[in-house]
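Taken from Swiss-Prot, the feature transmembrane segment covers 5-25, 37-57, 65-85, 101-121. What Swiss-Prot records for Gly75, Thr78 is Na(+) binding site, and it gives sequence analysis as the kind of evidence.
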Amino acid sequence: MKSLILVAAGGAIGASLRYLLGAGVYRLTGGPTGFPVAIMMANVLGSIAMGFFVVWAAHRGLTHLSPFVMTGVLGGFTTFSAFSLETVTLFERGEIWQAGLYVALSVGLSVFGLMAGLWVARGVYL
């Protein structure tokens, strides 16, 4: 139960940070840019933070903070950081084919899933 509360609190923080990043980019650019700059920035920054935290926490004996930081804060900030970590872990284990398959399936099926959700919802509501 404690881990669930930590994940939820971290998720609230991460989602709030992503919102603030988006608002900041919107303000700097004067409005929508036509390219998802804020989301890309969140994904890249979250992936950097995930990579740093994994090593830092292991060296400092702070892996007990992983639910709060990795699943919560970084998961709320971006789900892409976990995807990046899993991909690199597969590469580091020498599982190159599995890493490639994971990337292709994750991206392809996620995009297909979104399209399927749109198709179903449009059929129901339009």
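Along the chain as shown, the residues are counted starting at 1.
Note that Cβ sites are derived from N, Cα and C of the backbone, with glycine treated the same way.
Each of 37-57, 65-85, 101-121 was scored by its Cβ pairs under 8 Å to the transmembrane segment (5-25), and the highest score goes to 65-85. On its own chain, Thr78 (Na(+) binding site) has Gly14, Arg18, Ile39, Ala42, Asn43, Leu45, Gly46, Ser47 as residues at least 6 apart in sequence with a Cβ closer than 8 Å to its own Cβ.
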